[in-house]
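One structure below.
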Amino acid sequence: MSAAGGRRPRARHVQTSFHRRGNTIMTERIAIIGGGKIGEALLAGLIRSGKPIKDLVVVEALTERAAELAGDYGVRVTQDVRDAAESAQVVFLAVKPDAVETVLRELARAEDHGETERITVSLVAGIPTQRYEALLPAGAPVVRVMPNTPMLVNEAMSAVSAGRYADTEQIDLTVRLMESVGRVMVVPETQMDAVTAISGSGPAYFFLLVEALTDAGVGLGLTRVQALELASQTLKGAGQLLADSGVSPVDLRAAVTSPAGTTAAALAEFERYGIRHATNEAARAAADAGRQAARRVDVEGSRPGGALVPERSDEPR
Ligand SMILES: NC(=O)C1=CN([C@@H]2O[C@H](COP(=O)(O)OP(=O)(O)OC[C@H]3O[C@@H](n4cnc5c(N)ncnc54)[C@H](O)[C@@H]3O)[C@@H](O)[C@H]2O)C=CC1
Ligand SMILES: O=C(O)[C@@H]1CCC=N1
């Protein structure tokens, strides 16, 4: 993923045979529509997890990007949404909100060839499952997931919520797939904008902090390479400590903060400049942006011609 510093996980080809896990034959056929940052993160995470998948196909509109993904991961990449969906049991939507409707028009026309009903799993921020249900054939199961880019290294935090027609088995299947690339929390859909503001966008907040800390280190006389390594490993170690210790962040912070010491001096400056207020405002802005995306798509979807039974479009996407 170029946004993740240009380093790619090593390509590994997907297993194509049937596998048994407990009593379940693992036969997932997966399509990922949108091979951008999050689509690639999911693709990489699924491959890296070693999870047996019967078929994995990516739909990517940009020819150059499609070739890049096919080369890097050894998977089938196509530009045909319907073709990919027809061979899939689970279709992940990883396009920007404004491309959702175009994709759904194609998905709505895809026939169901499999023994099991196709599930549409949206990774898209903001857009409620109701919108998908309105555009897909009646009763089509939809699940909404908010993952984050650490999927690339199988350390995602994903939240999952069910649409109206998704049954327990379909939710479980989605949860299992997302568990193969990280941790999963099942939430009511009303919490999805909040989740997006915390964990969906969250990695960017920590990267910003590492950037700022690196710059600060350079200002104090370290080389950029030294400062970046110090800041990155500190983020990783602090995260691991928080996750593994079961100790609250308040107590972990107190353990670093010696009376009248260096940490106390730094934290006082963070507080003076309003880190809590800034974080709160940032999360609110993120949640608002999700709601705005939903409103935008809703308005577009309800315009004349934004019909539920779409005509086939041969326009370039
Ligand atoms: N980037 C992130 O960290 C996260 C993103 N998301 C969600 O994932 C979605 C995608 O975000 P990114 O991957 O960041 O965007 P992106 O712009 O990197 O990727 C979108 C990809 O979809 C392709 N595309 C557009 N229309 C298409 C179509 N009709 N058929 C096939 N491919 C098409 C584009 O060419 C592009 O490669 C967004 O809706 C976002 O809300 C969710 C969680 C985290
Ligand atoms: O910035 C965005 O809109 C997407 C959703 C969550 C993370 N990235």
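Cβ atoms are placed via backbone N, Cα and C, with glycine included.
Copied over from TrEMBL, here are the features:
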DOMAIN    29-125  domain 'Pyrroline-5-carboxylate reductase catalytic N-terminal'
BINDING   ALA94, VAL95, LYS96, PRO97  NADP(+) binding site
DOMAIN    189-291  domain 'Pyrroline-5-carboxylate reductase dimerisation'
REGION    286-317  region 'Disordered'
Which of ALA94, VAL95, all binding-site residues, has a Cβ with the fewest other Cβ atoms inside 10 Å:
VAL95
Take the domain 'Pyrroline-5-carboxylate reductase catalytic N-terminal' (29-125) and count its residues per DSSP category (helix H/G/I, strand E/B, coil), listing them in that order.
43 helix, 21 strand, 33 coil
Quick check: with ALA94, VAL95, LYS96, PRO97 left out, which same-chain residues have Cβ atoms within 8 Å of the centroid of the NADP(+) site Cβ atoms?
GLY34, GLY36, LEU93, ASP98, ALA99, VAL100, VAL103, LEU123, VAL124
DSSP-assigned states of the domain 'Pyrroline-5-carboxylate reductase dimerisation' (189-291) in counts, ordered helix, strand, coil:
88 helix, 0 strand, 15 coil
